[in-house]
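Right, one structure below, let's go through it.
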Amino acid sequence: MQHSPSTTTDHIHFAARFFDRNSYTMDRRLRRPRRTEDVSSGPLLAQSKQPSLLPVTRRTGSVTAAGATATATATAGPATRTRASPSRNKVVAPPSPDLGPRTRRSSRPRSSVGPLTGSGSGSSLPIKAAIKARTPIPEVSEVSSPIRLSTSNLPMTLTTNTSSGAPNKAFNTSSVNSGNSFSRTTTSSTTTTTERIEIRAEGDGEVDTDSIRKRITERLRRSVSKTISNLAGTPVTNTEEGSRYSRSVSRSVYDDEKSSKRSYSTGEEDIDEEDELEEDQFRSFNVTRKSATPAEISCRQLKAPREFGGWLGAFLFLLLLPTAVYYLTWSCTARNACQFKHLNLGILLDVNYLTRQVFQPRVVGAFAAYQVVVFLLVALLPGRRVHLTRETYKFNCLAVSLTLLIASGVAEYLKYPVVTFVLRHYLRFCIFGLVGAFVAAAWSYWLVDTAKYNVLRQTLTNDYGRTGSFVVDFALGRQLNPKWLGRVDWKQFQYRLSLVTTLIYATCYIYQTLVWPQKPQLGEQEGYLYQAKYYWNNVNYDPATLFSASCLLFYVLDAIIFEHHLSSSFELQHEGYGCLLLLRYAATPYLLTAVTKYFYEQRVPISCWYAPLAVAALLSLGLLVKRFSCAYKYKYRLNSQSPIFANIETIHTYQGSRLLLSGMWGWVRQPNYLGDIVALLALAAPMALRPAWPPVLGLSLIILLLLHRATRANARNQARYHSSWQRYSTQVRSYILPRVY
């Protein structure tokens, strides 16, 4: 058919405009993100009724199809538009299974345009489906034969629920009287997979059912263990004797499979599994229970820390410490004789001697009354309160000491021989104190409530006294700060009892060595100045005893006045309330007063006048070092934001605390112990006038105790702060004395 020129020109203009519009639409679609639903938006991109065989994806296919259509239109030029016949592009589609509704996985919203439908015009959009057909399960042909079927439930779980992670409730297995051939049928779903194993055999012979069940169980165990081990990332070898499977598989948040089931689990446990978790809270991720490696077991079990060499070392300390203290004290009881003596152990079995000479009822009653009075004063008198993170402490040792000194002075003024009574029964009081330490430790071990809480409601138990060994726990104490009715700290009571006892002994020796003259007859012109001068010129005293007792008094008053510095010490915060601590508190007064007692009984003269000055200077130096270091640490623990700590050097720890590197704490690790040791050496220095071993060994025991405590504190800090303490140790290498210890 022929067309006029005008008609042809109109067709050409129409085709050009149509091509430009389609090109503009294609450019817009190429510039913006494509969605799957955009395939049906253009009139030229309608899907054909027959599927295309072009192997392209959705987005690529959309662009390709659009480009192909535009090219075909441009090639046609001014020719007349024709519609392609559907029969030319018809391709017989291969048989495909019914896939059902496709699950939408895109997070984008659905398009408002309807599904793709064939319009019968234009080229079709080739789309390749990415869904694979399910692989059919091969079936094994069965041989008809007489069958005896026996069903047994194997006690194990093969798979887990994929939606909830919970295990299957049952696992059924049917076994037949043969082990030669078997058919395995697997039924799977979206959530649970259950295996059913059937073994069919020919013949009517008897078959060992237990043997078949055992072989099936072993094979399934190996397959399940291999599957779960591959999922976990670590191969696990299981044996029949060393493997038993749990009812659910827990997923750990750790990669090393050393996390417990409590760490993370997506399963829904039943009642039986909850009982198992209560019995064993730390189980490996591994599906087996008994196939854990020794390395995993060692990581699970936390060994109790050991001090003093275990139970044997603790037993030797409990036996030798009170014996040594009593022997050294007993060796210097007689006048003009302070030397080692032979022990008569048979006296310990003589009940009459112990009753008449040692445990006299009047002396025992006085000692018990003294302890009760000190306890009441500690509980009732006000004191300085120090608020720390874990506990609030009250320190009133100074008030207790002043009260007892005033009461003793009044009693002495009223002609009650308090000083004479105290010094006469010095050795008996030493025995009573050592025995009382064992009694108090036993009472604390058996009767004190171990569930007392501090201000943060945390138990104050001693980890080093929870070993399970009676000797170790009794020696080190199961608690840190037990309290009576939540008010009186037993450790502080024993500490103050030790300080007050030492103070009383020092004042008694000073009072006893001073021989006051009779009261002068004052005239009308003489006043108080004349009276003071009279006593100064006529008083009699022993210089060595007075000097030694004065040094001891100065040493004890320093500890009493600055008692609140104890709140940041190792002794109050970390030392357990055990028998060893109580023995030290009971023995300290008699070890410290051994030198003063020696000078009081031996009457040793001072041969050189500058000796007291050297001793006083050494004592002042030691107390200054001790007090400065303790005060520095106390103020920092109490308020680390103080301006005096603005530019100090510290090491941060993972526990939130800091290790001091400034002041004396950056010079040695325990400067307070260094000052205490120097002060003790000053107390023992007067023994150079007339040496004697028992008093010197008594003070040496306290020095050895401080050295041992420094070692214990270093070990505990190493176990607590780890790498932070390692860095601190590299900078501060010495414990007490630089380049020596």
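Yeah, the Cβs are placed from backbone N, Cα and C, and that goes for glycine too.
Between Ser141, Ser223, Ser568, Swiss-Prot assigns phosphoserine to Ser223; no such entry appears for the others, which is not proof they lack it. Taking Ser52, Ser211, Ser291, Ser569 one by one, Swiss-Prot attaches phosphoserine to Ser291. Of the residues Ser298, Ser657, Ser734, Swiss-Prot records the annotation phosphoserine for Ser298.
The candidates are Ser23, Ser41, Ser250; Swiss-Prot tags Ser250 with the feature phosphoserine. Between the listed residues Ser123, Ser181, Ser243, Swiss-Prot assigns phosphoserine to Ser243, with no corresponding entry for the rest in that record. In this structure, Ser642 (phosphoserine) belongs to neither helix nor strand by DSSP; it is coil. When the stretches 363-383, 402-422, 497-517, 687-707 are ranked by Cβ pairs under 8 Å to the transmembrane segment (429-449), first place goes to 363-383. Proximity of distant same-chain residues to the transmembrane segment (402-422), defined by a Cβ-Cβ separation under 8 Å and at least 6 residues beyond the stretch ends, is recorded for 366, 373-374, 377, 381, 429, 500, 503-505, 507-508, 511-512.
Long-range Cβ contacts of Ser642 (phosphoserine) within its own chain (separation 6+, distance under 8 Å): Lys635, Tyr636.
Within the chain carrying the transmembrane segment (497-517), a Cβ under 8 angstroms from the stretch's Cβ atoms is held by residues 371, 374, 397, 400-401, 404-405, 408, 412, 419-420, 422-423, 426, 433, 534-535, 538-542, 545-546, 549-550, 552-553, 556-557, 559-560, 563, 585-586, 588-589, 592-593, 596-597, 600, all 6 or more beyond its ends. Counting only same-chain residues 6+ beyond the ends of the transmembrane segment (687-707), those with a CB under 8 A from a CB of the stretch are 324-325, 328-329, 331-332, 338-340, 544, 584, 587-588, 590-592, 594-595, 597-598, 602, 604-607, 611, 673, 676-677, 680-681, 735-736, 741.
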